[in-house]
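Visitor: Swiss-Prot lists 26-82, 121-163 with the feature zinc finger, giving sequence analysis as the kind of evidence. Positions annotated as Zn(2+) binding site by Swiss-Prot, on the basis of sequence analysis: CYS126, HIS129, CYS149, HIS155. Per Swiss-Prot, the feature region 'Mediates microtubule-binding and homooligomerization' maps to 168-211. Swiss-Prot lists 194-252 with the feature coiled coil, giving sequence analysis as the kind of evidence. Taken from Swiss-Prot, the feature domain 'COS' covers 271-329, and the record attributes it to sequence analysis. Here Swiss-Prot flags 328-364 as region 'Disordered'. Annotation comment: Swiss-Prot describes 334-347 as compositional bias 'Acidic residues'. Per Swiss-Prot, compositional bias 'Basic and acidic residues' is recorded for 353-364.
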Amino acid sequence: MNFTVGFKPLLGDAHNMDNLEKQLICPICLEMFSKPVVILPCQHNLCRKCANDVFQASNPLWQSRGSTTVSSGGRFRCPSCRHEVVLDRHGVYGLQRNLLVENIIDIYKQESSRPLHSKAEQHLMCEEHEDEKINIYCLSCEVPTCSLCKVFGAHKDCEVAPLPTIYKRQKSELSDGIAMLVAGNDRVQAVITQMEEVCQTIEDNSRRQKQLLNQKFETLCAVLEERKGELLQALARVQEEKLQRVRSLIRQYGDHLEASSKLVESAIQSMEEPQMALYLQQAKELINKVGAMSKVELAGRPEPGYESMEQFSVIVEHVAEMLRTIDFQPGASGDEEDDEVTLDGEEGNTGLEEERLDGPEGLH
């Protein structure tokens, strides 16, 4: 579902409300999305309950939450585009919630509950000339005013314009800004989803490498147990460093998304103000906030291959005198398990060089 139009048409228009409602229909239950709303990797949305129904139907042997049996996940196809969705052991509860869509649904329901154009149009009166309506806009001072103020009042030397002209201009400017923010929110949501997948890949790769280490160290004697602990600690340290970095980025992107969504909601509510003068009193500040939010630069994502843990691949050779020199091979690609480890000391050096575990470039 794509909401990048940013509510450019006002929600107060009945035709546009009908069009928006069509975009908020779940393809499974054919009703308006019910919270929580989850977003699939293909960027389509479903009620979490509906997603769970489809998932359970596609995976009849999968154990639901609360079961004592540990499940390995499952898969199902998106009902909108048929893209295959692969889930982890958490099932549909591991899918990201689409808070933006949930906020839009709340706003839509609020708008639908009240009659259109319920507020009678009123005119603000000039504070200096109580019998004069505010009907022009001072471009120099950037405030609404009345005709008498222009003729012989405080704004007689200022440049002015008709109130409706400035009203339409600034409303269009704010609407365009909202569209940019909503489009940016979609991109941020996609980035968050991708980085969560990176976290999962890091954990999967780390788990695989730990299993390989354990399998190979089981064949060695007690002296290997000490070294195995050292290597596992190094792997876990780098894993934690990587996960902390990616999770920190996820929190940063999430905070930006939340702030941007709140600003979008505030701007949309401001656009619903039917009084031009009241609207213009707060429009400039909102426009500035929207512009500033649109220019916020987020921290870069992890570089390609950041999730790889292949540098921790090892292979065990039965050379007892070199056991204590086993170390992770710097820059190991992990393509062939037979090349996963090097034995320091082949030239006669059998000393334990533990300082290489503290900070080799291949581990960072």
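Here the Cβ of each residue, glycine as well, is placed from N, Cα and C on the backbone.
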Visitor: For CYS149 (Zn(2+) binding site), just give me the three-state DSSP call.
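Guide: Helix, per DSSP.
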Visitor: Which one of the binding-site residues (HIS129, HIS155) has its C-beta surrounded by the most other C-beta atoms within 10 angstroms?
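Guide: Ranked by Cβ atoms within 10 Å, first place goes to HIS155.
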Visitor: Other residues with Cβ within 8 Å of the Cβ centroid of CYS126, HIS129, CYS149, HIS155 at the Zn(2+) site?
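Guide: Counting only non-site residues, the set is GLU128, GLU132, ILE134, THR145, CYS146, SER147, LEU148, LYS150, GLY153, ALA154.
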Visitor: Say we define neighbours as other CB atoms within 10 Å of the CB. Which of the binding-site residues CYS126, CYS149 has the fewest?
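Guide: Each of the binding-site residues CYS126, CYS149 was scored by Cβ atoms within 10 Å; lowest is CYS126.
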Visitor: With helix taken as DSSP H, G or I, strand as E or B and everything else coil, how many residues of the region 'Mediates microtubule-binding and homooligomerization' (168-211) land in each class?
Guide: 44 helix, 0 strand, 0 coil
